[in-house]
Amino acid sequence: MKRIIRHPFIQFFLQFRFIRFGLVGAFNTILDGSIYFLLLSLFGTGYKVLFIETDTWARAIAMFVGVTSAFFMNSRLVFKDNGYHNDFHEEITFSEKLAVVGRSYTKFIASYAMGMGMNLLTYTTMKRLHIDSFPPEMGLGLFSKLPAFIVSTGVSAVFNYFFCKHFVFKPKAV
């Protein structure tokens, strides 16, 4: 695996921050889905815990793990050169470090919530304009909605990247 990652072709593309952002996003989407389906297989559906159905709990837990993983991976692998980690020098206490991470995590959650809004707005707009799916004659079933999914996901990815770069992990002013 290390040999593949060190290949010059792969290294060329990994130097682009947006590609790293996309790879982190893809990994965390797979992580999110895997945890969701694992929890569904372990606990089933149709039961309620604290008045909430088990599949809703599974979705909430999987999303929390996925978003938290995305936050730490983006801070370490994508935006590390923004100076975000320069806040963590030897003289500050653990509680001060925790406060910095907490503020950034809150901004990250807010930016992802806005990204989700952009995703839904794009999807809904495409649906109202009747450009959200392939024609039924193509016989694609559920996959006929692929155009709206791809475009709305792309719009929210660009939106999230912009907010992560300029709001969540923005470089410190010197």
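The backbone N, Cα and C atoms fix where each Cβ goes, glycine too.
TrEMBL labels come from automatic prediction, so no person has curated them.
TrEMBL lists 20-169 with the feature domain 'GtrA/DPMS transmembrane'.
Feature annotation from TrEMBL assigns transmembrane segment to 21-44 (among others).
As annotated by TrEMBL, transmembrane segment applies to 56-73 (among others). Long-range contacts of the transmembrane segment (56-73) within its own chain (CB-CB distance under 8 A, at least 6 residues past either end) are made by residues 24-25, 27-29, 31-33, 35-36, 39-40, 43, 49, 104-105, 108-109, 112.
Sequence annotations record features per position, and here TrEMBL assigns transmembrane segment to 108-126 (among others). Counting same-chain residues at least six beyond the ends of the transmembrane segment (108-126), those with a Cβ under 8 angstroms from any Cβ of the stretch are 67, 70-71, 74, 132, 147-149, 151-153, 155-157, 159-160, 163-164, 167-168.
What TrEMBL records for 146-164 (among others) is transmembrane segment.
Proximity of distant same-chain residues to the transmembrane segment (21-44), defined by a Cβ-Cβ separation under 8 Å and at least 6 residues beyond the stretch ends, is recorded for 54-55, 57-59, 61-63, 65-67, 69-70, 73-74, 77-78, 157, 160-161, 164.
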